[in-house]
Amino acid sequence: MRIAVICFCLLGMAYALPVKHADSGSSEEKQLYHKHPDALATWLNPDPSQKQNLLTPQNAMSSEEKDDLKQETLPSKSIESHDHMDDIDEDEDDDHVDNRDSNESDDADHPDDSHHSDESHQSDESDEVTVYPTEDAATTVFTEVVPTVETYDGRGDSVAYRLKRSKSKMFHVSNAQYPGASEEDLSSHVDSEDLDDTPRAIPVAQHLNVPSDWDSQEKDSHDVSQVDDHSVETQSHEQARQYKREANDNSVEHSHSIDSQESSKVSQESQSREFRSHEDKLAIEPKSEEDEEHRQLRVSHELDSTSSEIN
């Protein structure tokens, strides 16, 4: 409905806009100049009587402008009528909701006339759906009554308070559940209900004190999960330690291999040095023997020469 009203308002505003006529003053002036040259010549004279004779076509145009002004005023009335219709529709919607609430309250107060009221409401709802398809049906939410367990801790004499509480409750409900019953009957009924309720508290306490199988299973699973987590942690620590040990062993072996290689190199160098020194010694010894032989020959030759001189 609001969209339709907005569309109508826009259309009314479009129709209300003034239409500009083609400016044909130049052609009219030319026609007047050809037809009435004397009148145009006298237009410059300040005689008001002659000017009124020439202003007759402008007066004719003023009537058209009046019609345009009348057309401009009409859409405002239509807009006001649309606003008035919107107000009427809103009032009808409010009345419809109030009537529906009153009908629901009447149904709750008078359940015996359900058939007649249902038929009338069904017919009304069918008519309302056809008239107002956009409205949502009013639904009532019913909450279920959940029984609660009352505790009597910190109330002095719990047994007496419980008896008073139960009796007051039963006296409040007596008119609705047991019409025409006396107070003695109600008190006996309360006592019987108290006696019936007393053994029911023992199994509840037993169930609360005794752990269920499900709780035990949950505890076992929790313990097993903790043990598994602990075992996983220990395994991870052991693996880390083994990795460290292997790394240390590898480093030690590598260092030993490097040391052995260095020692072998040193031993080879020492052996090569000894071999070279032995070869040098062997080369020096034959030279010394040759020198001694030369010396002996010289000595013997000198002795022979001296002996020959002496002779």
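The backbone N, Cα and C atoms fix where each Cβ goes, and this holds for glycine too.
Small disclaimer: the values here were computed from a predicted structure and weren't measured.
The signal peptide annotation in Swiss-Prot covers 1-16.
Among the features that Swiss-Prot reports, phosphoserine is placed at S24 (among others).
What Swiss-Prot records for 28-38 (among others) is compositional bias 'Basic and acidic residues'.
Here Swiss-Prot flags 28-138 (among others) as region 'Disordered'.
The compositional bias 'Polar residues' annotation in Swiss-Prot covers 47-62.
Among the features that Swiss-Prot reports, phosphoserine is placed at S76 (among others).
Residues annotated as phosphoserine in Swiss-Prot: S81 (among others).
The compositional bias 'Acidic residues' feature in Swiss-Prot is assigned to 86-96.
As annotated by Swiss-Prot, compositional bias 'Basic and acidic residues' applies to 111-124 (among others).
Residues annotated as phosphoserine in Swiss-Prot: S114 (among others).
Summarising the annotation, Swiss-Prot assigns phosphoserine to S117 (among others).
According to Swiss-Prot, the phosphoserine annotation covers S120 (among others).
Look at Swiss-Prot and you will find S126 (among others) tagged as phosphoserine, backed by similarity to another entry.
Summarising the annotation, Swiss-Prot assigns O-linked glycosylation site to T130 (among others) and lists similarity to another entry as the type of evidence.
Among the features that Swiss-Prot reports, O-linked glycosylation site is placed at T134 (among others), with the record citing similarity to another entry.
Residues annotated as O-linked glycosylation site in Swiss-Prot: T139 (among others).
S231 (O-linked glycosylation site) is 61 Å away from S272 (phosphoserine) when you measure Cα to Cα. Note on proximity: of the recorded positions S231, S300, S305, S307, the one nearest S260 (phosphoserine) is S231, by Cα distance. Ranking the recorded positions S231, T234, S300 by the distance of their Cα atoms from the Cα of S307 (phosphoserine) places S300 first.
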